[in-house]
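A short worksheet on the structure shown next.
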Amino acid sequence: MLDLKNLQNNFDEVAKKLKNKKVDENILKKLAELFASLKKEKTALEEFQAFQNKFSKELATAEDKESLKAKLSENKSKINEQSVKVNALENELEEIAHAIPNIPDECVPVGEDEDENVELKKVLNPPSFDFTPKEHFELGESLNWLDFVRGVKISQSRFCVLKNEGALLSRALVNYMIDFNRSHGFEFVNVPFLVNGATMFGTGQLPKFKEDMYKVDDEDLYLISTSEIPVTNLYSGEILASETLPIKMTCYSACFRKEAGSAGRDTRGIIRQHQFEKVELVSITKPEQSDSVFNEMLECASDLLSSLGLAHRHLMLCTGDLGFSAAKTVDLEVWLPGQNKYREISSVSNCRDFQARRAKIRYKNEQGKNELVHTLNGSSLAVGRTLVAIMENYQDKEGKIHIPDALKKYF
């Protein structure tokens, strides 16, 4: 959640940045009106309270006690009425603020959509083939690695069954990713895949993205769309010791997404599924640590791709493509020969204090004051898309898939 004091004190500057993130101008105008109304009503409340405090002290020595009692009683009613007004405005303001995204960092390029993201660099060269490379779903069906028909039969569209070496390769990837991330200083944690609404709110999925979530009927439980949600919230409501920071964690989980806005996109294959697996990096830092830890996380995910021999590129997301909770995001896109283009395989984001304010995660700074931490997250990596990348990059003319050297000991 945004710092409402900063929003109120620097409204024009913040509003300009939020417009670049596609926040409706009418919502920003409504916020400005609410701030003005709240200031007016709070001033009135303070005046009533000041009257009550002053004359309550004088009641014992007042000549006309009954008259003063009546005035104090009337003023108390005004305080109660005014408190209701102030609380209503604060609740309305907070409700709107919950749906407003994070402010983009100064370094984030201004742009409308993914077409205006900025390429930062390429890592490794894509392989060359003396034949036309196939897409992963062709390879997967011919090798009996991917069973789309039975996935749809037991569930619905955008579900798939992994079989034989495809399932084994997926398992090997999970173990390799966890080991790789641990070797880079990230502690492995294993968390529930079902979390409550407060946890979903803490990382910014609720209330804005409620319709995209899978919810358990009659219970305050949601299936997670990323393990960033439970891992970040492990420390919700806590005040951490300064010396424990940064906390760097890695986690494997299944992820569940309705993909409501993806009709017609990636309808074949396992690029976009309702259920998929991911190994995540999550860090909790002091404010002054978050930029360096962001670079560590980005380097970890990029090095992981390089260790598998997968060509990829770094993209800085523009304001129009930036996620709700993120102040800055760099995507890693892996080269897919079958599609002849780069596709997203990881997003590394710095959320600054946006999630920490919602989840109430603080630490005691050197002055002994409680201060909000910064939270960061990133995929290292999306398992299904890494499987796709290996299938397409390591295929041969006969349609067989060769295993990267780094994974051989995991079979």
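Glycine residues also receive a Cβ, built from the backbone N, Cα and C atoms like all the rest.
Among the features that Swiss-Prot reports, L-serine binding site is placed at Thr226, Ser227, Glu228, Glu280, Ser379. Following the DSSP three-state reduction, the secondary structure of Glu228 (L-serine binding site) is helix. Note: Glu228 (L-serine binding site) has non-local neighbours Thr203, Glu280, Val282, Asn377, i.e. same-chain residues 6+ apart with C-beta under 8 A of its own C-beta.
Annotation comment: Swiss-Prot describes Arg257, Lys258, Glu259, Glu344, Ile345, Ser346, Ser347 as ATP binding site, evidence class sequence analysis. Around Ser347 (ATP binding site), the same-chain residues at least 6 positions away in sequence with a Cβ under 8 Å from its Cβ are Leu317, Gly323, Thr329, Val330, Asp331, Leu332, Gly378, Ser379.
Between the binding-site residues Thr226, Ser227, Ser346, Ser379, the minimum number of other C-beta atoms within 10 Å of a residue's C-beta occurs at Thr226. The highest number of surrounding Cβ atoms within 10 Å, among the binding-site residues Glu259, Glu280, Glu344, is found at Glu280. Cα spacing between Glu259 (ATP binding site) and Ser227 (L-serine binding site): 17 Å, rounded to the nearest whole number.
Here the CA atom of Thr226 (L-serine binding site) lies 15 Å from the CA atom of Glu344 (ATP binding site).
In the three-state DSSP reading, Arg257 (ATP binding site) counts as coil.
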